[in-house]
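Asks: Got a structure for you, written out below as structure tokens; questions coming shortly.
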């Protein structure tokens, strides 16, 4: 699929649930959110149909997200069924890692290519502050499980927040020296009710990037198909370090993705409230209708995101859209 700005759209992020076993401060407001009812969430067979039509239109890569995708029953079988779609080249997942010790082997066997694990602190107390309920040791065991079964490359997603974890970047870089881990520092993005805290949390990664690169002696590396990340590594290290600067230096000109929410809405841009209902008027998912909705969303994809423009923030929280 080619949008009106000449960008090739071949990547679909699929949220399968808005529920999560953590309550991260940048993903959900303190009071929590009202979760979608079971009947409003797309059934797995509906997700498969949407992906099948998407691949006919040019989708080659799917990332399974949440909420936390591993809290939804049957996710391993979903991966297995998606792997049967011949045009689908890559199936990945973003997870907080807590349940990976239980599911990593089965996910790998089902056909999952690799995982991104959200880990925002290497300090157990700070980790609990950020997640509001998580145990740091469980996340670490999840990373170990992913490495052991070969869900490679294992990427660590770290949202950098001012005054919370911005003093830990060097420690994260050190993770990549002896382990085949690929840390990606991500700028905080204001979403939904959590956007009220954006003035407290947001910090441009440009303030840290050059300092860390110089201090750690990192050199640039070119990793194919690594999305918006600008990548570096410490010479001799097993892993790499990436910087994703969605706010300070956006990558909209090369954006290749759309997002499918757990309740069946296709969003052409994360930082926009524009979305297309993939269900027909009768509430069903049809191949013809899905094709039309993809084409409609393609036309609605903006030239760039709207973060901070005229004080705009997306109305939905990240957990409701899909992380």
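Any Cβ shown, glycine's included, is placed from N, Cα and C.
Pulled the feature table from Swiss-Prot, pasting it below:
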| type | residues | note |
| --- | --- | --- |
| BINDING | 13, 63, 94, 155, 257, 258, 259 | GTP binding site |
| BINDING | 20, 24, 27 | [4Fe-4S] cluster 1 binding site |
| BINDING | 26, 67, 118, 189 | S-adenosyl-L-methionine binding site |
| BINDING | 252, 255, 269 | [4Fe-4S] cluster 2 binding site |
| DOMAIN | 4-228 | domain 'Radical SAM core' |
Asks: Round to the nearest Å and give the CA-to-CA distance linking residue 24 ([4Fe-4S] cluster 1 binding site) with residue 259 (GTP binding site).
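Replies: One finds 20 Å between the Cα atoms of these residues.
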Asks: Do you know the mean pLDDT across the domain 'Radical SAM core' (4-228)?
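Replies: Computed over the domain 'Radical SAM core' (4-228), the mean pLDDT is 93 on the 0 to 100 scale.
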Asks: Counting distance between Cα atoms, which of the binding-site residues 155, 258, 269 is nearest residue 189 (S-adenosyl-L-methionine binding site)?
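Replies: It is 269, whose Cα lies nearest.
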Asks: Residue 255 ([4Fe-4S] cluster 2 binding site): which of the binding-site residues 20, 26, 27, 63, 155 is the nearest Cα neighbour?
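Replies: Nearest by Cα distance to residue 255 ([4Fe-4S] cluster 2 binding site): 63.
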Asks: Between residue 94 (GTP binding site) and residue 118 (S-adenosyl-L-methionine binding site), how many Å separate their Cα atoms?
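Replies: Rounded to a whole number, the Cα-Cα distance is 7 Å.
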Asks: Write down the Cα-Cα distance for residue 63 (GTP binding site) and residue 252 ([4Fe-4S] cluster 2 binding site), rounded and given in Å.
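Replies: With distance taken Cα to Cα, residue 63 (GTP binding site) is 19 Å from residue 252 ([4Fe-4S] cluster 2 binding site).
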Asks: For residue 24 ([4Fe-4S] cluster 1 binding site), what is the secondary structure by DSSP, using just helix, strand and coil?
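Replies: The residue in question, residue 24 ([4Fe-4S] cluster 1 binding site), is coil (DSSP, three-state).
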Asks: Using a 10 Å cut-off, grab the number of neighbouring Cβ atoms around the Cβ of residue 269 ([4Fe-4S] cluster 2 binding site), all chains included.
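Replies: Excluding its own Cβ, residue 269 ([4Fe-4S] cluster 2 binding site) sees 22 Cβ atoms within 10 Å.
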